Amino acid sequence: MRSHSCGDLRSDAIDSTVLLSGWVDRRRDHGGVIFIDLRDRSGTVQITVDPDLGAEAFAVAEHLRNETVLQVEGRVRARPDESRNERLATGEVEVLAQRLKVLNAPSRNLPFAVSVHDDEQVREELRLRHRYLDLRRERMRRNLSLRHQTVQTARRFLEDEGFIEVETPVLTRSTPEGARDYLVPSRVCGGEWFALPQSPQLFKQLLMVGGLERYYQVARCFRDEDLRADRQPEFTQLDMEMSFLDQEQILDLNERLIGRIWKLVKGVELSLPLPRMTWHEAMERYGTDRPDTRYGMELVGVSDIVADMGFKVFSGAVAAGGSVKCITVPGGNDKVSNVRIKPGGDVFSEAQKAGAGGLAFIRVRDGGEIDTIGAIKDNLSDEKKAQLLQRTGAEPGSLILFGAGDTATVNKALDRVRQYLAKELEMVPAEAWNFLWVVDFPMFEFNADENRLEALHHPFCAANPEDLGDDPALWSERLPTARAQAYDLVLNGLELGGGSLRIHDAALQNQVLQTIGLAQEEAQEQFGFLLEALEMGAPPHGGIAFGLDRMVMLLAGEESIRDTIAFPKTQQARCLMTSAPGGASDKQLEELHVASTWVEPEEN
């Protein structure tokens, strides 16, 4: 139905006859001659319909609507110099139509304009409800093409490195230590349930036990969790696992993979090796394990300076075992008013969202003198002022914001304020790609609600041998404070991927499961197949998974992963196009041995 794609025509096709098929992007009537922008996936080309050269074609062109599916036969010619369009890849040529055939025409009004010439901002709800139309738009075509290019680049790289692609089950069993599972009732095994995988974690480890050595998969994963702009109930991971490599070898391989993707997809040459930072350093300097290193305003600890101050907010926090930290905002003296920092202000609100009661502050005036208000002013001696200036390195014109309280809350609040002010004050450089490996995570964190330890990543991460030692009798004592051989790749403050070396010893895996509160019987019920496999000669192995949706979002310069997925869900986990999820008939539920207890809420 076509000899060429619309976007492929160039000057070397001049004087040739072509057959094109696509959509009418725009139609313009210029005093008897009609111009049509014909669009397909490859791009757009101008069609010229002259009644003197094709009366039948002109009669068809007079009645065309935008988004009509049209076939065009015609001759390629050079555009006149004055009408060439350098913004269009096909802008040097046009097709003089000899025959037009309508393949299909819209029979109803379109909910929004699709044309690449129309900059209309369409509500996301409308775009998702009519996603098949939205996919015709240049933005979505470009994003999905970029996604394809990213996946193909990764596949070629991994295959060159000796990896093989293996699919793992989508119907599996529910396991603890993760988000909520999506459950699928079994018709054959009444009263029993499958779970959709949150990741291929256990299966890829079993592939290593099976001797495959290097595995990868573009894996579909499912998590029933509260959604944000960068989360979906179903998402895609570039997942891999490898045997007989240590942590540095895994990091080296994966940063070469990332370097290849950024070079071929974005034309950006990354400087390798990528920087490393320990989890402890990241928390101290940035208050988060996903630090954005494109700008300054790092957190600075000042607990030792303010511990003996009369200002109770500071001294009380230190006495209670907490911390006092601060960030220095360059130029903040003039740009951030007191009103914004006090209750009701936007900066105060950001700190409050992170659990902080508020922020203290001092200003460094243009002459270098320190100015502040309230109780902190009455208790800030000249000696303390000098110590704070030296510790923070604050220049004249700066604003110093303080957080005080338990360390976790202080870190979270100052991290949030730091990110907020960096955007507000336009401190984030454009087109910066700041990659960072964060390493040496703790193996466990304390869950105060359940009064137990839980795995920070997952309970299959290997411990740092320096912390664990060689004596199994000491594992139970040393594991709670051990570092994991885990690593996350962070880009511009977002987690791009994460992984670890895995436990390949059954006794140690059992001990870790006990550490997170699983009794022996429960561990066997949940993970017996893995523990059995580890007893049969499991090799040292490790892996990583990259969030493909988020990676493409960053490569495409989008704000939401929904703009990098063909058919995404909303933040309420609904598909507006198909109205999924939907109900099930009584017969279907009966076959599945399931009864619904859902009661529609009463309308007020």
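Using N, Cα and C of the backbone, Cβ positions are placed for all residues, glycine too.
Among the features that Swiss-Prot reports, site 'Important for tRNA non-discrimination' is placed at His30, with the record citing sequence analysis. If you look up Swiss-Prot, you'll see Glu177, Arg223, His457, Arg502 marked as L-aspartate binding site. Among the features that Swiss-Prot reports, region 'Aspartate' is placed at 201-204, with the record citing sequence analysis. Marked as ATP binding site by Swiss-Prot: Arg223, Asp224, Glu225, Gln232, Glu495, Gly547, Leu548, Asp549, Arg550.
On the structure: features taken from Swiss-Prot.
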| residue | record | CB count, 10 Å |
| --- | --- | --- |
| His30 | site 'Important for tRNA non-discrimination' | 8 |
| Arg223 | L-aspartate binding site | 20 |
| Glu225 | ATP binding site | 14 |
| His457 | L-aspartate binding site | 19 |
| Glu495 | ATP binding site | 16 |
| Arg502 | L-aspartate binding site | 25 |
| Leu548 | ATP binding site | 23 |
| Arg550 | ATP binding site | 22 |
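Sequence-distant contacts of the region 'Aspartate' (201-204) (same chain, six or more residues past either end, CB-CB distance under 8 Å): 168-169, 172, 175, 215, 217, 239-241, 458, 460, 527, 529-530, 543. In three-state terms derived from DSSP, His30 (site 'Important for tRNA non-discrimination') belongs to an extended strand segment. Here ATP is bound by Arg223, Asp224, Glu225, Gln232, Glu495, Gly547, Leu548, Asp549, Arg550 per the record. The longest Cα to Cα distance in that group is 20 Å. In the three-state DSSP classification, Glu495 (ATP binding site) falls within a strand.
Across the region 'Aspartate' (201-204), DSSP helix (H, G, I), strand (E, B) and coil residues number 4 helix, 0 strand, 0 coil.
Arg550 (ATP binding site) is 45 Å away from His30 (site 'Important for tRNA non-discrimination') when you measure Cα to Cα. Glu495 (ATP binding site) and Arg502 (L-aspartate binding site) have their C-alpha atoms 20 Å apart, to the nearest angstrom. For Glu225 (ATP binding site) paired with His457 (L-aspartate binding site), the C-alpha to C-alpha distance reads 17 Å.
Spacing of Leu548 (ATP binding site) relative to Arg223 (L-aspartate binding site) is 15 Å (Cα to Cα, whole number). The secondary structure of Arg550 (ATP binding site), as reduced to three states from DSSP, is helical. Over the region 'Aspartate' (201-204) the predicted model carries a mean pLDDT of 97. Here the C-alpha separation of Arg223 (L-aspartate binding site) and Arg550 (ATP binding site) works out to 16 Å. Following the DSSP three-state reduction, the secondary structure of Arg502 (L-aspartate binding site) is strand. For the pair His457 (L-aspartate binding site) and Arg550 (ATP binding site), the Cα-Cα distance reads 19 Å.
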